[in-house]
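Engineer: Structure below; questions to follow.
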Amino acid sequence: MSEPRRSIATVCLSGTVEDKLVAAAAAGFDGVEIFENDLIASAASPAEIGAHCRELGLSVDLYQPFRDFEAVPPARLRENLRRAERKFDVMEQLGTDLVLVCSTVSPEAVDDDELAAEHLRTLAEHAQARGMRVAYEALAWGRFVNTYEHSWRIVRRADHPALGLCLDSFHVLSRDGDPALIRTIPGEKLFYLQLADAPKLDMDVLQWSRHHRLFPGQGSFDLTTFAGNVLEAGYTGPLSLEVFNDVFRQADPKPAAVDAMRSLRLLEEQLGIPVAEPAPELNGYAFAELLADPATATGLADGLAALGFVETGEHRSKAVHRWEQGGARVLINSSASEPDTAEIGALAVESADPLRSARRAEAMSSPILPRERGPQEAGLASVAAPDGTGVFFCDTSAPDGWLSDFRDSATPPEGLITGIDHVSLTQPFDHFDEAALFCRSVLGLEPEEVTEYAAPFGMVRNRGMVDATCSVRIALNGTLVRRGEWAPAVRDPQHIAFTCTDVLAMAERLRASGAPVLPIPDNYYDDLDARFALDPELLASLRRGSVLYDRDAGGEFLHVVTELFGSRVFLELVQRVGDYAGYGVANAPVRMAAHRRQRMAASQPTTPPA
Ligand code: MG
Ligand code: MG
């Protein structure tokens with residue numbers, strides 16, 4: 001199967017129609033659906049908008065929506081035909097021949113398929129006389145016609161070559177419709193295909209549609225089966241996105257259009273269309289890089305040393321030091337200038353084929369970042385995640401690999417820490433779904449269940465992204481509403497979690513050495529006792545070491561976290577016992593409150609004012 005044409009409805013994106021067209025073209029779309037309100041609000045004439053589309057290399061694939069046409073009294077039908085003729089004038093100027101007509105919600109309409117078919121046939125005759133066509137769409141909340149099977153019965157009954165169907169995945173899948181019958185519709189009667197995903201929500205379908213549609217791959221609809229059936233029926237038009245979403249409506253349209261394009265390419269891949277080389281197998285983290293100002297970098301180095309890490313090398317050309325223990329590698333980049341800064345600047349994954357990873361990233365709309373590079377330095381490819389974090393593809397064992405960019409000073413020690421278990425990134429709410437889609441399409445990670453919890457400063461959403469062998473885990477976190485300005489003390493926390501073979505022994509060691517472990521209050525341990533009835537000795541060790549504990553169907557999780565370095569970064573040591581699959585999210589509110597206490601205490605003057 002060759003690559004299909006890709007289209008996007010202007011309603012998906014924020015801004016004026018001009019902003020939307022420029023963004024759609026820049027993201028590589030072939031065409032657009034012009035949403036009527038976007039056109040009406042524009043100062044440009046339809047002819048100018050059409051010309052602008054063509055200059056940008058975009059075809060106008062559809063004009064939409066035309067509402068409440070069919071099965072009405074004769075006087076209303078005459079008005080509706082007059083209204084349609086005016087819209088055909090607009091379409092003529094725009095340079096499109098296809099209009100979307102939604103099934104009626106009008107109180108004037110009657111429940112009469114024969115009359116609806118007759119009216120739509122009349123409309124199709126008018127359209128045909130102008131060289132145009134009509135795509136009839138069953139809205140999920142249509143008054144009488146609200147399934148595609150029903151809209152197809154009417155279109156078949158009308159039997160006019162200028163009348164066909166528009167299928168919209170949301171309207172079918174939100175009603176748990178069975179897409180299997182789509183395969184029985186002749187391909188030439190499928191005039192248009194609109195794709196939208198959505199999260200499973202138990203709410204009014206109109207509200208669900210208007211606020212919560214998502215790009216394919218971001219929600220829980222089975223779009224692969226749906227779109228697969230449409231293609232199998234013989235549909236040859238564009239794959240078009242029609243997504244009404246509160247976030248996308250106000251987001252910068254350029255990255256939103258890229259996100260949209262990425263979603264289509266991932267869907268096409270799942271449909272068996274060769275749009276990108278398959279994601280190479282991953283084999284854990286090569287490193288994580290922390291970016292800090294020099295003073296905070298010193299604190300981080302001390303913190304890593306307290307955990308048993310050793311500085312093993314210095315970068316040949318940059319202010320970057322490499323710290324290691326077992327298979328865990330952390331780079332400390334001390335080139336930030338703002339005081340109190342520490343953030344995860346980059347993460348690097350071990351790829352079975354770094355060059356293929358890079359080519360896949362580009363095919364998935366994530367261009368390789370330009371990189372300053374010394375003459376002897378390795379050609380590391382990296383892309384930017386939606387939050388700006390760099391993602392590198394590495395083969396550490398290669399003779400000319402990234403390690404050769406460092407002057408070695410020590411060999412990595414073996415200790416209780418053996419590698420990186422996960423990296424936790426905080427996403428602004430607006431980018432949460434985009435970040436998950438990036439991990440999925442570019443890195444080939446699969447999304448885990450979404451968890452939401454009440455934290456001291458707001459509701460937080462958590463979603464793990466993991467590769468097939470659980471060697472790379474990325475924990476995405478984001479507040480459900482933008483984080484309040486009032487006094488959160490720790491904005492957008494991030495952490496690197498190291499795999500530790502014995503967290504209790506480590507906690508004991510850290511306590512003895514006075515390492516900056518985050519103190520956890522007694523209330524937490526009293527509650528643990530109430531919930532889990534843990535062995536008293538285990539409970540006492542957890543309490544003594546400020547170790548957090550969780551349990552799921554697969555096993556247990558022990559974890560201990562450090563105090564903050566700078567304003568937002570901490571380190572975590574985790575031990576998965578059995579097949580525990582989570583991230584200890586239940587303990588996050590306790591940890592957040594403890595970090596706030598640390599920040600507030602640190603901001604107090606050391607000597608009380610006289
Ligand atoms: Mg639609
Ligand atoms: Mg964690």
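Cβ atoms here come from the backbone N, Cα and C positions, even for glycine.
Under the heading divalent metal cation binding site, TrEMBL lists E137, D168, Q194, E242. The domain 'VOC' feature in TrEMBL is assigned to 419-563. As annotated by TrEMBL, Mg(2+) binding site applies to H422, H495, E572.
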Engineer: Using a Cβ cut-off of under 6 Å to any atom of ligand 2, determine which of the binding-site residues E137, D168, Q194, E242, E572 qualify.
Structural biologist: E572
Engineer: When the Cα-Cα distance from D168 (divalent metal cation binding site) is computed for each of the binding-site residues H422, H495, E572, which gives the smallest value?
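Structural biologist: Going through H422, H495, E572 one by one, the closest to D168 (divalent metal cation binding site) is H422.
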Engineer: For the domain 'VOC' (419-563), how many residues does DSSP put in helix, in strand and in coil?
Structural biologist: 47 helix, 54 strand, 44 coil
Engineer: What is the Cβ neighbour count of E572 (Mg(2+) binding site) at a 10 Å cut-off, with all protein chains included?
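Structural biologist: Excluding its own Cβ, the number within 10 Å is 22.
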Engineer: Looking at the binding-site residues E137, Q194, E242, whose Cα is closest in space to that of H422 (Mg(2+) binding site)?
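Structural biologist: For H422 (Mg(2+) binding site), the closest Cα among E137, Q194, E242 is found at E242.
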Engineer: Compute the centroid of the Cβ atoms of E137, D168, Q194, E242, then list the same-chain residues not in that set whose Cβ lies within 8 Å of it, in sequence order, for the divalent metal cation site.
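Structural biologist: Here the nearby residues are L100, C166, L167, S169, F170, H171, Y192, L193, L195, A196, S240.
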Engineer: So which of H422, H495, E572, listed as binding-site residues, have a Cβ under 6 Å from an atom of ligand 1?
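Structural biologist: Result: none.
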Engineer: Averaged across the domain 'VOC' (419-563), what pLDDT does the model get? Just tell me the whole number, please.
Structural biologist: 93
Engineer: Taking the centroid of the Cβ atoms of H422, H495, E572 as the Mg(2+) site, which other residues of that chain lie with their Cβ within 8 Å of it, listed in sequence order?
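Structural biologist: Nearby residues not in the site list: D421, V423, S424, A475, I496, A497, F498, V561, F570, L571, V574, Y583.
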Engineer: By a simple count, how many Cβ atoms lie within 10 Å of the Cβ of E137 (divalent metal cation binding site), its own Cβ left out?
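Structural biologist: Result for E137 (divalent metal cation binding site): 24 neighbouring Cβ atoms inside 10 Å.
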Engineer: Cα-Cα, whole number of Å: E572 (Mg(2+) binding site) versus Q194 (divalent metal cation binding site)?
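Structural biologist: E572 (Mg(2+) binding site) to Q194 (divalent metal cation binding site), Cα-Cα distance: 44 Å.
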Engineer: Taking the Cβ of Q194 (divalent metal cation binding site) as the centre, count every other Cβ atom within 10 Å, in any protein chain shown.
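Structural biologist: Step by step: centre on the Cβ of Q194 (divalent metal cation binding site), count other Cβ atoms within 10 Å, giving 24.
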Engineer: For E242 (divalent metal cation binding site), what residues in its own chain, 6 or more apart in sequence, show a Cβ-Cβ distance under 8 Å?
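Structural biologist: Listed in sequence order: A9, V11, C12, E33, D168, F170, Q194, L195, A196, R213.
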Engineer: Going along the chain, which residues six or more apart from H495 (Mg(2+) binding site) have their CB under 8 A from its CB?
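Structural biologist: The list for H495 (Mg(2+) binding site) reads V423, S424, V561, V569, F570, L571, E572, given in order along the sequence.
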